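Here is what TrEMBL records for this protein:
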REGION    15-122  region 'Disordered'
COMPBIAS  23-36  compositional bias 'Basic residues'
COMPBIAS  56-68  compositional bias 'Basic residues'
COMPBIAS  81-103  compositional bias 'Polar residues'
DOMAIN    126-292  domain 'Exonuclease'
């Protein structure tokens, strides 16, 4: 009888458990379905690591809404303040009253409030005439600084007449023309104070003057054009005096021809009160016709 030999292994053999292939395919299918559903629900967002949501494309953009004028504005944004341009000369004084109305709308409203729709002249209480005398400051006295200002009403009554002390040292008093002397500066009003007083009177008024841009320049001020009457630029006045319409004629010559009086005579200098009154008298000659002309032009 032959011997039977048996090989018996007592160790436990660890066989890896085979996972059915069907389960692995099913899991991959489930994951794809979940991802597709998330993409459909959140097309413009992605999931972050912390579980929050962030917009795609880096920085988020605010919604912009198209305006009527063709521009765009942010729907929830706040508009910043408009930048304003300051006046270096005017800012030297603490306050500025009666400054010119900015923009055509403000000027037109004020203009219509003072002058009737039929082109009738402004009320006498709303009319003033101004004349200023200047002295020389700066290198060689070439700069013209205010040294006296006179303002009169419609009937020639004096509303303001004071000597003004310039902020810069006076180099040339120009006495022959200005009538200003050193003694007049002893009790003169400082420029900033005088400026506030003068602009308070001019505010809302129709201001008459001869070559008035020089007076406003000395005041470091700009009056609304619609409320300014410059007798050196009224063709109707020149025509009545027999002068060319487009030429600036001196106040002295206009007064002699139209008012038959002599002004600015002698060597003592000009009188700003006399010049202001003369300017108002010249304006009165053509007041009705000129205001009608201005109204028709403004309507056109």
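A Cβ is built for glycine as well, from the same backbone N, Cα and C atoms used for every other residue.
Heads up, TrEMBL stuff is auto-annotated, nobody curated it.
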Arithmetic mean of per-residue pLDDT over the domain 'Exonuclease' (126-292): 95
DSSP residue counts for the compositional bias 'Basic residues' (23-36), split into helix, strand and coil: 14 helix, 0 strand, 0 coil
